[in-house]
Amino acid sequence: MENPLCPEDDDLRKIINKLAEFVARNGPDFEAMIKSKQIDNPRFRFLFGGEYFAYYKQRVAAEQGRIKLQQSEGNHSHPDYRFPGSAGAEMQQLWMNNDPLPPPHQNSINVQLKALNLQQNTLRSQIRQSEQNLSAQHTALVQQQQTYIDEAVRKAQMEHLETQAEATGISLKEFDEILIPIVESCTKDSISTGKNWILQHTGDAAKSNVILQYLLQKALIPDTEFSHKLHLIYLVNDVLHHCIRKNAVELKQCLENVVIPMFCSAQTIANEAQVAKLTKLLSLWESKANFFDACVISKLKSPQSSLQEYRTNLLVKHASVVTSLNAASKNAFDSYQQQHHAFVAHATQQIATLEAQKQTLEQQNMRQMPHIGPPEQFYSDNNDFQNSRVPPPPSLAPNVVPQVSSSHPGYGGHEESGDDGLVDQGGGFALPPPNFQLPDLSKPPPNLNQPAPKPVEKVEDLKPSVPYFDLPAGLIVPLIRLEDYSYKPLDPTLIQLPQPAPPSERLLGAVEAFYSLPSHDRPRDGEGWEKLGLYEYYKVKNQSRKQKEEEIMQGVRERSRSPSPITIEMNSFKKKKKRRRYRSKSRSKSRSKSRSPPPAIIRKDIRGPPQRFIPNSVGNSHRGKY
């Protein structure tokens, strides 16, 4: 197997080598953490299968093999951190990179927060999908229910007609054979044959009702063409003319009950040319008063309402069938709705649990001080640095208690070479080499005067320093409880500023959804607002309001007091108004006096006439003698 290509760039090769050491010691979790942090860094493309990926994998495998070999030899000390040559500068350059390696603990918190946000978004998406499915199920059930009702009523109607036909001796099959040529061709002979057959078999009202009701059912079959309906209407028209000539009152009354739904059903599916044919026939019936009375003509001119009235009468007639179908449809929808509510409750509880976990992680992330730089030992200019062993960064070193080797000259009397004189047990500390001078411990450490870490912001610091009307309106939202649904004045002293924190994934997602264009997943109404955008909010708010009302009715809590009305004292208003009128009059006098120049000071002098002393505030044009 050929050796993978080694990077020509020294800096990149050093980064790969050092990262391979860390990954070999800390495992794949550390590699995943680095990937999530450096996903957009071009210098770390080798982590994602880019160039030098094979070289990086080879270095990781080599380091892992070296660690296993040391463990098998019984070497309890941690691996050597000696960096040949300018290793100190290499580590410093690696840590001073523009994209430094993040602290594992802090990055793990960020990864957990992203995972929690992803789970919450998935649950919310599933809730929305469940709501859409429930709405689609309701629409489908309503459509199916209407179809089932129409079919059931039609079936019940035909069964009733067959029973009556058998009782009266009418052969519906024979009548159906007579109607076939009328429906298909509508010739004069076929119309005459059909009329004669009807007149021969309508000896009484019961037979007439059976024959004409069957004729109506043929015209009301779903998806029947307009021409077929029109041909049956022409047959009824010929029978009607015979009733007028022969004065067949019973048959004419049966025709009135049939002609209205038959004529109106044809009008609802007719185009303009077809409507003209029906209008011509209706004008003929209307011109002759002995055909139909005014009530029947009025119903023929209102096809929609007349047809709806006929269908309503059918539903009332077959109420038992309709009731059973409605109950079955309602039970099916209740089952779907119950499943939806159970899923929403379960998903909402999971979202709340995830939100609590997020808040806990965010608090831990706020309390933790991030550490992105190496310790001070990496920046030392001591020449002995390159020949000494450097412990791993504190955030990466294993948590092992340091131990002192007995091979040191002070513990055994014999001295080891410079390579083995310093044993690192992984605790971040190591024994100095033989020629290392101990620091002066009588002096304070160099970082004693460094400023203390910034304390956590207290609740008092969250109080705004400006009036409430100068604050954003969003700060008022936490003061409004879910159970509040009537007017209640808010206390502006309870307004608090939010703690400083980076925007969450939920907030960024909401902003992105607000500025995104309408789509199939995010429909908008006519005014541009997102449909069902406040559905979850009002759902929870209505539940809180209902719970509050139930607790008030049960006596668990008292009813909130309504705010006291604002009263205005009219007497004081009148007094103030009168006083203002009085003051305006007095001010006018004082104002007129103030406009006149100040009184002059006249000094008497024996030597000359009296002079007027003009103040400096008066212009020079007013100076003079009297």
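Backbone N, Cα and C define each Cβ position, glycine as well.
Any TrEMBL annotation is an automated prediction that lacks curation.
Listed in TrEMBL for this protein:
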{"type": "DOMAIN", "residues": "15-57", "note": "domain 'SURP motif'"}
{"type": "DOMAIN", "residues": "167-308", "note": "domain 'CID'"}
{"type": "COMPBIAS", "residues": "379-389", "note": "compositional bias 'Polar residues'"}
{"type": "COMPBIAS", "residues": "546-561", "note": "compositional bias 'Basic and acidic residues'"}
{"type": "COMPBIAS", "residues": "573-594", "note": "compositional bias 'Basic residues'"}
- Tertiary contacts of the compositional bias 'Basic and acidic residues' (546-561), as residues 6+ beyond its ends and Cβ separation under 8 Å: 483, 486, 488
- Note on the structure: In the domain 'SURP motif' (15-57), averaged pLDDT is 86
- Task: Over the span of the domain 'SURP motif' (15-57), count residues by DSSP class, listing helix, strand and coil in order.
- Result: 34 helix, 0 strand, 9 coil
